[in-house]
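Q: I'd like to ask some things about the structure below.
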Amino acid sequence: MDLFEYQAKELFVKHGVPSSEGRVTDTAEDARAIAAEIGKPVMIKSQVKVGGRGKAGGVKYAATPEDAFTHAQNILGLDIKGHITKKILVAEAKDIAEEYYISFLLDRANRTYLAMCSVEGGMEIEEVAATKPERLAKVPVDAVKGVDLAFARSIAEQGHLPAEVLDAAAVTIQKLWEVFVAEDATLVEVNPLVRTPQDEILALDGKVTLDENAGFRHPEHDEFADVDATDPLELKAKENDLNYVKLDGEVGIIGNGAGLVMSTLDVVAYAGENHGGVKPANFLDIGGGASAEVMAAGLDVILNDAQVKSVFVNVFGGITACDAVANGIVKALEILGDEANKPLVVRLDGNKVDEGRKILVEAAHPLVTLAQTMDEGADKAAELAAAR
């Protein structure tokens, strides 16, 4: 989950990372009041989850509260690379002597953590990597040893930060590592990390990505969710603890187990080439507990997707046997009633497959078609979607 800058800074404050005073708002009037309360020049900063805000006019210096009001009026509603500014951060402006770059991230390719540090801050780090690679330090971080003050100082030194700021920078770098670990982040980035004329080291910007797979350890992170930008179907699925991702096709997919669902997406996409190019509409893994309630919740989400024309239920019975899955489907259709109005193709295999198929045959629901194989089911679901 990507955070807005103001949310990242909330985590920074929580862990003692020095930053600048500021508050978030969604009105120009509040921006003026906040600026007056701060009593110093401020920065008005668009809160969008995309880079290039400054170049797009989303970051402005305001010397007075009236300037803050004017800039806030112009920035609120500003479109930055397709992201509409709905909130702004009003933060105290700081005098800057130098700008640096620091980040911690998950290096998936090398299966480790990585610290990146550069004396060339304030510009796109991709540009630094391309034009001045020798100025960007990439330092692997041992997950067990972590980052102590000595190692943090080494990171700053390898990033070519001036000798006179190494100790102060090390303190901030270690605290940023604390944010990374304690909050289960996959990215913590500060650009710029600044040195003031008074030799303070401050995080004047912040980017944090949280690992949603660790969300169970952080119920407090729920407040960071950007509800306005989240697909309502994905929100509904999350409320029911369903592993759901919306796609752009016409065939709804329900399966048990991520691997099976991924395979089903491929098979449906391939079958769709013979039926007008229809594609999978979603990824939905109901896991091992395919109860009536879980199946009903899954079908409810998929059937409320206007793009879905048919549904392919592909289940391999294991711990949860096929007869339990079949009963779940029958009961789910009863629960949904008239809301179940799109054809379902069901393929069962594995534990108690014969019993499961018998249950569905005897139920004789007009929307349900049985398939013997995954290929057959995918083809039938694609055919039904293309015909609607």
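Just so it is clear, glycine is given a Cβ too, placed from its N, Cα and C backbone atoms.
Annotation source Swiss-Prot lists ATP binding site at LYS45, GLY52, ARG53, GLY54, LYS94, GLU99, citing sequence analysis. Among the features that Swiss-Prot reports, Mg(2+) binding site is placed at ASN191, ASP205, with the record citing sequence analysis. The substrate binding site annotation in Swiss-Prot covers ASN256, GLY318, ILE319, THR320 and is backed by sequence analysis. The annotation domain 'ATP-grasp' is assigned in Swiss-Prot to 9-236 on the grounds of sequence analysis.
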Q: Between the Cα atoms of ASN191 (Mg(2+) binding site) and ILE319 (substrate binding site), find the distance and write it as a whole number of Å.
A: 49
Q: Give the residue from the binding-site residues LYS45, ARG53, LYS94 that has the most other Cβ atoms within 10 Å of its Cβ, counting over every protein chain displayed.
A: LYS45
Q: Express the predicted model's confidence over the domain 'ATP-grasp' (9-236) as a mean pLDDT, rounded to an integer.
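A: When the pLDDT values over the domain 'ATP-grasp' (9-236) are averaged, the result is 94.
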Q: Return the residue, from the listed binding-site residues GLU99, ASP205, with the maximum count of other C-beta atoms within 10 angstroms of its C-beta.
A: ASP205
Q: The record lists LYS45, GLY52, ARG53, GLY54, LYS94, GLU99 as binding ATP. What's the largest Cα to Cα distance among them, in Å, rounded to a whole number?
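A: Across LYS45, GLY52, ARG53, GLY54, LYS94, GLU99, the widest Cα separation comes out at 20 Å.
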Q: Given LYS45 (ATP binding site) and GLY318 (substrate binding site), what distance in Å do their CA atoms have, once rounded to a whole number?
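A: It is 53 Å, counting Cα to Cα.
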Q: Return the maximum Cα to Cα distance in Å (whole number) over the record's substrate-binding residues: ASN256, GLY318, ILE319, THR320.
A: 11
Q: Tell me, in order along the sequence, which binding-site residues from GLY52, ARG53, GLY54 have their CA within 10 Å of GLY318 (substrate binding site).
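A: Final answer: none.
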Q: What's the CA-CA gap between GLY54 (ATP binding site) and ASP205 (Mg(2+) binding site) in angstrom, rounded?
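A: The separation of the Cα atoms works out to 12 Å.
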Q: Can you tell me how many other Cβ atoms are located within 10 Å of the Cβ belonging to THR320 (substrate binding site)?
A: 22
Q: Within 10 Å of the Cβ of ASN191 (Mg(2+) binding site), how many other Cβ atoms are there?
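A: Counting Cβ neighbours of ASN191 (Mg(2+) binding site) within 10 Å gives 24.
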